[in-house]
Structure formats: C-alpha cells, structure tokens
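Chemist: Sharing a structure here in structure tokens format.
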Amino acid sequence: MQKRVTTTQLGQWDRTYLWHPFTQMQEWETEEPLIIERGTGVYLIDRAGRKYLDGTSSIWVNLHGHRHRILDRALRDQLNRIAHSTLLGLSNTPAILLARELIRLAPKGLRRVFYSDDGSTAVEAALKMAVQYWQQHDPAAGPKHLFLHLKLAYHGDTIGAVSVGNIEAFHSRFKPLLFPTLEADPPYCYRCPLNLRFPSCKIACLDPIEQIMRARGHELAGVIIEPLVQAAAGMITAPPGYLKRLRELCTRYNILLIADEVATGFGRTGKMFACHHEDVTPDLMAISKGITGGYMPLAATLATENIYAAFRGTFEELKTFFHGHSYTGNQLGCAVALANLAVFRKERTLVRLRPKIAVMTRLLNSMTSLRHVGDIRQQGFMAGIELVKNKQSREPYPFEMRIGHRVAQEARGRGLLLRPLGNVMVLMPPLATTVPALTRMVTLLRESIQQVTDSRSGQ
Ligand SMILES: *Cc1c(COP(=O)(O)O)cnc(C)c1O
C-alpha cells in the first residue's frame, strides 16, 4: 500500500488532511513536507532515502536509537500475546513488572505507579492527586488547593498542565480557562531578574519563593517544578543546590513537591532521574517521554507511600482516585518500556554516557566564540544554545526574525534535524549517539549558526 503512493501524492494529502502540532499551517501548506519513512540508530531516513541525524531525539523521546533490536523484539513478542486490555478491574503482566522496575529506579521513597498516556496526563494526575491528598490527609487544615510554579514553566498542553505553565505564546489565550496559581521567577542565570551571579547569589531567587510559602503555605497543595532543567523554556538550567533547597522549603512549609521529570527522566541529565543529582525525593513525580525509549506513548505518576495511604479507605468513604484513561497500563507500551530499561542495564547506557557528556561540553564550548552565541547551557545530554542579536548587551533577536527556525532550516539542508525553542537551539541527541555522530551534529549546528547569523540578514 505504502509503496504504491508517490511522495508527491503523500505530500499533497498531508497538506490536505493533517493538522500538525505547534505549526502555523498556512506556512506549512506552502512547503514540501519532509516525510520520514524509516529510521536506524540516530538517523531518520526520508522517502527519497536521504539520511538525517536526529538531533532532538524525535522531540526528546528516543534514547537508544531507532530500530533497536531489543525494543523491536519486545514489541513483537508482546503483540504475539495481546496488544491491550484494561487496567480498570484487571491487571496485566508488563504493567506489573514495569511498575516494580520503575520503583526500583526512582528516587527512594516513591512507592506507587499510576499509569497514563503522555507527559500532560501524568502531570494532570499529579495535580489532582495533590488536591485530593490534602482533602483526605488533613481535612481540618482547610482548603489547600493552590499550586506554585515557575514562570516559563512548561508541563504540557492540557488545561491543568497549562494552568501551572507559563509560556506566554502557548498559554496566554487560554487564561480564562485556567485555575489560579502563584508564580515565581525561574533560576535563569543568564537573564537573572535580580542581576546577581551564581554562586555568590546563594540562589537568592529562592528567597521570594520562601516568602510566598511563608505567607500562603497553608493554601498551597504543591509546588511543581521541572527539576534541573526548564526544558521548553529554552533549556534553562538551575544552579546546583536549587532543587535540594526547594525540597527543604516544601518540607518546612508542608507543601508537596511535584517533580515533572517528563523531559529530564531516563538518563537525559546524566543520571536516571534529575532528582538523583541532588538526592531529592519528590512527593509526586511525572514521567513519560523517554519511558519507552521513544517507541510508544506511555506515562506514569509516581507517589510516595504517604500520598498513596491518604487514598486508602472503605468503598463508602469515597477516597478512591476517580481518574484514569482508556489505555492506562497498555501492554505494548509497558512491554517496550521494560525492554527500554533492560537496554539501560545491558548496554550500561548511563556509564557510557558520562564521557560523552564531557565530549559534548567540549564541543559546545567551541561555539562560545561565535558572535551571536550568547549563552550555552548543558545538563547531561540536554543542551540549549541561546542566540542573541547583541552579545554584549544580551539583546535578544526579535521573535519575528525566527532566527532559531532559520538555523534549523539551514541544519536540515546539511543533514541534521533540529527543533529550536524560539532563539534557543536545542541539541538533545539520543543517549546512544556515538562520539563521531555527536561531533558531526555539533559541527553541523555550528556551521548552520554561523551561516545564518553571519549573513547580512542575520545581523
Ligand atoms: C513534553 C513535556 C510535557 C508534556 O508531555 P506530552 O507527552 O507532550 O504531553 C510535560 N512536562 C515536561 C517537562 C515536558 O518536557
């Protein structure tokens, strides 16, 4: 069937029938879409057989490369048994085994796994759990259903997740639908709102957060954070100690800490979870993206025993968490997620990642001299290169210039696929990327930045 359709025909049908995410379709309709046909390792291959390096891991999900033998086989084996049965009133083998594995790997103290389908739904579940937790754990405490989050936060696109997010271009239109929250400045050192410098600042950006907690802690159900890296904000990396201190503040003011590890989880930051870097156990943790190695949509919300216990009771007490989705605990997803974790062990992914992270740091450093590279931020295998109009004043490029998009277009022509975040170029390759492939990616990225920013229109 696929063979008989021409690429031109497919392109036409794409423009006729599809509505792409985060895409201005009017523009899209004027372009030939790049249609991916196959993948292998860190490469995506289009219908004409052209190979592209997958520089953003197919939007942050792929870890061990495409067409990994072990992952492919796990899916086929599971298909030979069953694709899906419900977790409502039934259980299934891969869902059980995966839950056990996840708890083994998660920060100590997280004890229960609640499945859903994607990062947004994992966040929604966490928010609802937090609200219901306080009602059942401490009904005398009065209403505790406010959330505190950082500006520029991104936790997904469903309405609850958007409520605790703050990316103007994505979120502002939906304000009338959102529940009220409290916001605080992020630890964006390059554009520090207080104009301080780490470490002498002593993470002073947490002081206003503590003030909020002191004043409103009794109303706060939770603080939600992307630990270590605010990814969609433009790879804003938090200074060391920030997460740990936030954990301490949450404990002191009796507020739940919700870690959104959707982007940072599964080795991205150099450890299995970002929370591990600072020995932090959140009360709730949302995971997705890398959970299946980029194969299937699957997510989970992990909870401590304390949270879980507040939901236990007799049927009539109505303490049940009345929440779930049609595909919760999907066998294909859980089976490939189990294989994903097996590959981590078999290939010693995290151990082998360590030297590659150092190589990436060195390669990225070679870009600091570029005239329009303002800041380079890296945490593990997540990197953001912030392009600026004026390096001295740190003046950003105006958004209409679409500088990130233009660099990405340039890179595509050279065989590297990227998806920028505004003026920030994102490099987030699969963890399995070899040093030669990594070097190639950074070289192509540097050439593309140079080409676009040094051309007259890039000034
Ligand atoms: C991508 C992302 C989400 C949303 O996940 P989806 O699978 O796109 O719904 C939530 N939080 C963070 C930190 C993310 O990066």
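Each residue, glycine too, has its Cβ placed from N, Cα and C.
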Chemist: Given that TrEMBL lists G119, S120, H325, S326 as binding pyridoxal 5'-phosphate, which residue among D54, D185, D260, D375 does it place in the same site?
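Modeler: The one candidate that TrEMBL places in that pyridoxal 5'-phosphate site: D260.
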Chemist: For D260 (pyridoxal 5'-phosphate binding site), which residues in the same chain are close in space, meaning a Cβ under 8 Å from its Cβ, but six or more apart along the sequence?
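Modeler: In sequence order, G119, V123, A126, H155, I224, I225, E226, P227, M285, A286 meet the Cβ cut-off.
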Chemist: Would you say which of the binding-site residues G119, S120 has the most Cβ atoms within 10 Å of its own Cβ?
Modeler: G119
Chemist: I need the CA-to-CA distance for S326 (pyridoxal 5'-phosphate binding site) versus K289 (substrate binding site), whole Å please.
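Modeler: Pair distance, Cα basis, whole Å: 19 Å.
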Chemist: Out of the binding-site residues I have (G119, D260, G324, H325, R419), which ones have their Cβ sitting under 6 Å from ligand 1?
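Modeler: G119, D260, by Cβ distance under 6 Å.
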Chemist: Between K289 (substrate binding site) and H325 (pyridoxal 5'-phosphate binding site), find the distance joining the two CA atoms and give it rounded to the nearest Å.
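Modeler: K289 (substrate binding site) to H325 (pyridoxal 5'-phosphate binding site), Cα-Cα distance: 18 Å.
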